[in-house]
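Asker: Got a structure for you, written out below as structure tokens; questions coming shortly.
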There are 10 protein chains.
Amino acid sequence: MNPIMSKSDAAALVVAARIRRGVTWAEIAGEIGAPVVWTTAALLGQHPMTEEQARRVCEFLGLEEAVAESLRLQPARGADPALMSDPTIYRFAEALSVYGPALKELIHEEFGDGIMSAINFRVDVSRRPDPDGDRVVVTFDGKFLDYRW
Amino acid sequence: MNPIMSKSDAAALVVAARIRRGVTWAEIAGEIGAPVVWTTAALLGQHPMTEEQARRVCEFLGLEEAVAESLRLQPARGADPALMSDPTIYRFAEALSVYGPALKELIHEEFGDGIMSAINFRVDVSRRPDPDGDRVVVTFDGKFLDYRW
Amino acid sequence: MNPIMSKSDAAALVVAARIRRGVTWAEIAGEIGAPVVWTTAALLGQHPMTEEQARRVCEFLGLEEAVAESLRLQPARGADPALMSDPTIYRFAEALSVYGPALKELIHEEFGDGIMSAINFRVDVSRRPDPDGDRVVVTFDGKFLDYRW
Amino acid sequence: MNPIMSKSDAAALVVAARIRRGVTWAEIAGEIGAPVVWTTAALLGQHPMTEEQARRVCEFLGLEEAVAESLRLQPARGADPALMSDPTIYRFAEALSVYGPALKELIHEEFGDGIMSAINFRVDVSRRPDPDGDRVVVTFDGKFLDYRW
Amino acid sequence: MNPIMSKSDAAALVVAARIRRGVTWAEIAGEIGAPVVWTTAALLGQHPMTEEQARRVCEFLGLEEAVAESLRLQPARGADPALMSDPTIYRFAEALSVYGPALKELIHEEFGDGIMSAINFRVDVSRRPDPDGDRVVVTFDGKFLDYRW
Amino acid sequence: MNPIMSKSDAAALVVAARIRRGVTWAEIAGEIGAPVVWTTAALLGQHPMTEEQARRVCEFLGLEEAVAESLRLQPARGADPALMSDPTIYRFAEALSVYGPALKELIHEEFGDGIMSAINFRVDVSRRPDPDGDRVVVTFDGKFLDYRW
Amino acid sequence: MNPIMSKSDAAALVVAARIRRGVTWAEIAGEIGAPVVWTTAALLGQHPMTEEQARRVCEFLGLEEAVAESLRLQPARGADPALMSDPTIYRFAEALSVYGPALKELIHEEFGDGIMSAINFRVDVSRRPDPDGDRVVVTFDGKFLDYRW
Amino acid sequence: MNPIMSKSDAAALVVAARIRRGVTWAEIAGEIGAPVVWTTAALLGQHPMTEEQARRVCEFLGLEEAVAESLRLQPARGADPALMSDPTIYRFAEALSVYGPALKELIHEEFGDGIMSAINFRVDVSRRPDPDGDRVVVTFDGKFLDYRW
Amino acid sequence: MNPIMSKSDAAALVVAARIRRGVTWAEIAGEIGAPVVWTTAALLGQHPMTEEQARRVCEFLGLEEAVAESLRLQPARGADPALMSDPTIYRFAEALSVYGPALKELIHEEFGDGIMSAINFRVDVSRRPDPDGDRVVVTFDGKFLDYRW
Amino acid sequence: MNPIMSKSDAAALVVAARIRRGVTWAEIAGEIGAPVVWTTAALLGQHPMTEEQARRVCEFLGLEEAVAESLRLQPARGADPALMSDPTIYRFAEALSVYGPALKELIHEEFGDGIMSAINFRVDVSRRPDPDGDRVVVTFDGKFLDYRW
């Protein structure tokens, strides 16, 4: 009996196959008919895939069954803290440090006492052309949950 | 000579006046003709206001000149770390921990090696009606900056 | 214009009045017709009270209007980290450290991929008599939220 | 002479066998006649099993003797801190941060100066059907211990 | 209404009175008929005193009623972390770092799976004369609690 | 040339041999005629053994010469911080947090300005029968060292 | 006898006077004939000023003698850690995280084993016009010190 | 399928080849016609190389294709925190701690509210001869970015 | 009853008086006939003074009786961690990080298993003239204590 | 191509050879004609050795060429933080915490504003016989560097 391959080992193999075969995250997402941010996050180890999704990803990328088994596993979510200081990710954390308290004020003003769910939730990322330089547009879209006893 | 009132003391007075007068952040933003997230962040101490903006906010809220002087001051930006664990703010941090590495992959795939600027940047928050419960939609919109030597 | 009294200052005055008048948290909760854990948490600064609740608590305890104003304020939630090592609170953290991963496994087994909400949520504490020594029984009761894109 | 297999290695093998054989934690618990939360925690490395319990679990899951030897070992208890930020586990920590001080007040009011034992202690988790969405109900049940010199 | 004097402010006044009047901790303990370690810890803010104990200590030391009120308060226990690196206290922490795992092994060997209670517990400190230099002897004496579901 | 086996690897082999042969720490200590707490700490990597002690332990437990070589090595002392939150060890840390400042006061009152040595030092652990449940009694016994320039 | 005004209080008064009088850091530096980065750092509390420098700054800004006394004081150097996450300062820390190991390699290649002194050291900041947007140019210039026994 | 060699493993092989062949960082940079600080940082894992750059470096140093594949990979940027306390790197961090707040003041005075970009950015290091000992001169040169909504 | 003035407040007054009166630490030490490092450390709050020492220091510096009372108090030893990163102090910490493990090896080689006492201990600092620049010579001189059970 | 052996692996082999051959650090230092503290620190990974030094050490200890190659490598300096709490090393850190601020005062009084260099620096350790127990005498001797712009 061997332990199940860790999600980080599976992610490293997915990344290697993706680069060597020259396919994009969007193409992988298309292959399984799922949103691209969700698919990327799942393959990096943040969501469990269904048996069908895991099988099709592994066929598409030429990966062995052990990877598919790992991709189906329920994850322990959260990124490596060291990665949070990578500049591309850090800018989001900095924006949250600057605008987080303002977002809190405005959510309470509009919705009352509660939160934006991070579970009933989706994220999208897109490019918006702009003559001064194209822009990265990231949308966080979560159900409002009010504090309810 | 007295030191300039701290930005956190000024913010506490703005919040007190806003609540006691029963005005919304949107009404204050309207008063100075600025976006509401920017205005809220500025009044909480994250952006300097122009002399005109600071004067009009203080007149609108009945606050003294010392508050206006503080609002014009260049800030040292960033939130109190204790505030980052407030549930309404924490959900954003959690989403970043779950989806940050995926966003990094997709930004690099679409734009190449670089970042979303957190300086040439805007944030918007809105309510999207939904039969299963209305949703909080927050948009991060920053210029792409490529690593360029 | 004065800033609004901080929630921690208001809580200190509520605690002083409660002790000097010899009333219990349950009696205060009864006065406003709210659950006792919710009421205690709210008075310690973790939930906003309605105008009516705040007014009645302050009348009951002989506290000034400035306390009521503070009790109505939207809180920034979360306990002082130093308090988390108090033995009475620490035992809960220790239990979570020992049983948290098992609870995660069992929630996923029973409900699928998701969480127990800490927002649509209630806590109760009660005494269960036992010949070997009475027991503290604390119930966490939160709506299951499944990860849903 | 080899060292005894670590509890985390043994847990990884138990998890792999459980998933590959398609059995539930409850079925394993039934096999050894022990409560399901206790059994899950023990198999994840938080409690020592008796020789009989360890033997029966390994037979049921088809695991080698080295796993059984590890399961009998006295553990050093406590979860990996990284795991505490997994959303499913974090919600308990957040609830404790919001309600911990209130629980402390109410335990002292009802029982006097002391704590809920985390040693003479049990945890149960169950599903409570609810028309607004089923609920996760977790009960912490520990003997009250008064400070006694 | 004033808040109740903090336990640390009360402790500072007890220490000042003790030194200015030239009395020992043992004399204060004798005055209330309680063990000296318990009494010292209580006056430093770690245990609540009864109304009678608090009254007699304040009379003995010439302290005002507000101190007595504070001494009766239920404490949030635990020392300032900065104090733990004072050399006189640090040596105990160092000894625990060196001998803690051995104590754990020997407690389990002698008693089985469980802990020494820190609640049903007492500490004593004494001087043991020794020709090579007198010795500090500190005894931790706590009830064994076995893990019991 | 191979590096010397690490003290933690040696300790893991000692523990495995001890359990598989069914001998107690006290029996090992008896074998080398040394105190049991000292012996246990030494075998867990906190004290160097003499050549004779190391040889006899390895013969008694059937361990290879490489273990004996490691046991003779001068250690870098101190426990893994993760281990300090194991409940059996944590209770000592908690007691130190509650009673440490009182011990400091009483040591200074009795001995003057100085410390209990953690080097010229011994620890003993014993069981004290008690009708309300047997007790763990741990004695820290260190030479008093006065601050002396 | 009053304690000497703290360097941070003195800096707050210097900043207030500078803003209210509408003078630049460069003008203050010119007044005392010192480099502008040095002068700014000194007035923010990082270098002691001579009696003459401190007197002239206070006359120029209309500040009282107590400020001058503080400016002469030997500082304990280093910034408030919270300030290091301000975006304008953080970019330097990020650049150091990305390029620090490369700088170390190149310093050793060019100079051998040693360091750039941060004591025999100067910093300059200037604007370099650029058609794609002006640039901030910061020069660190320190004496090479070789490891020398 | 193997995972792609990690950037730190690739860097270790580059360093080994560089030393064993006796070539300088400048010579490697010359080989690919890129600036020396950029090249060194890229080879240490902080920038992705083009296919052509990676190929030429590996040919020049006699390294296998797997290294080249790793060098082309998009990095997660940032140094190992342990490395930041190496004295040669630490002096930069110390200088930033002493002069960072002054740099912030002067950037705002000269450019207004904004930052020096760490993305549109270059670093140079050079030796400046000096009769009192040669000097290390490091220039940070980044585009000014103003806060722009 | 007032609390005793804190050691840090007393130190701030000693420093202010020393500077305003233009006396050196050595002159103060001479006044009480004690070593200068000991005296400086004591006045900064790290050692208790005798009644006679405290009285003479306060007379010499023109300080009030409340300072003398504080100087006699038993301290909680240890510096503010923020101060440890001041460059003048940090260099000692850096040297310890570089040479600490070597000192440990050499102490064990010369003396056996044990430590240099930090209690039966003295420190001296002196200037040693050197044609290449005078040198700071700091001597740590502590009694060897062997691990002795 | 293999990476160069890490400095910590090389140090482990040096330590093993030193113990197995029964030679002292002083004998190794004598073999290469270098000071003993410098030699020990270099062999533990804190200084690069010359080709000649590395070759002679490896011949003397019977170590392979790969160790010599590692010993010549430029180090990243600094000790493992876990090692700093070993009692033999910690006493130096404690002394620095108690006497560091006094050393800073006295260095400034004697030399002016500056530091003791930790680069142009040497450390010596010796035994000083004393009837009350021999003493460990450690001398830190560094060039004074004044803050010079």
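Yeah, the Cβs are placed from backbone N, Cα and C, and that goes for glycine too.
Checked TrEMBL, it gives:
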{"type": "DOMAIN", "residues": "I:78-149", "note": "domain 'Cyanate lyase C-terminal'"}
{"type": "ACT_SITE", "residues": "I:ARG91", "note": "active site"}
{"type": "ACT_SITE", "residues": "I:GLU94", "note": "active site"}
{"type": "ACT_SITE", "residues": "I:SER117", "note": "active site"}
Asker: Whole-number Å only: compute the distance from the Cα of I:SER117 (active site) to the Cα of I:GLU94 (active site).
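Answerer: A Cα-Cα distance of 21 Å.
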Asker: Compile a sequence-ordered list of residues in the same chain as I:GLU94 (active site), six or more apart from it, whose Cβ lies below 8 A from its Cβ; state 'none' when nothing qualifies.
Answerer: none
Asker: Please work out the mean pLDDT for the residues of the domain 'Cyanate lyase C-terminal' (I:78-149).
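Answerer: Residues in the domain 'Cyanate lyase C-terminal' (I:78-149) carry a mean pLDDT of 97 in this prediction.
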Asker: In DSSP terms, helix, strand or coil for I:GLU94 (active site)?
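Answerer: The three-state answer is helix.
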Asker: With DSSP as the yardstick, break the domain 'Cyanate lyase C-terminal' (I:78-149) down into helix, strand and coil residue counts.
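Answerer: Taking the domain 'Cyanate lyase C-terminal' (I:78-149) as a whole: 30 helix, 28 strand, 14 coil.
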Asker: Give me the count of other Cβ atoms within 10 A of the Cβ belonging to I:ARG91 (active site).
Answerer: 23
Asker: Taking the Cβ of I:SER117 (active site) as centre, how many other Cβ atoms lie within 10 Å?
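Answerer: For I:SER117 (active site), the count of other Cβ atoms within 10 Å is 23.
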Asker: Checking interface proximity: list the active-site residues among I:ARG91, I:GLU94, I:SER117 whose CB sits under 8 Å from a chain F CB, in sequence order.
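Answerer: Going by the Cβ criterion (under 8 Å to chain F), the qualifying active-site residues are I:SER117.
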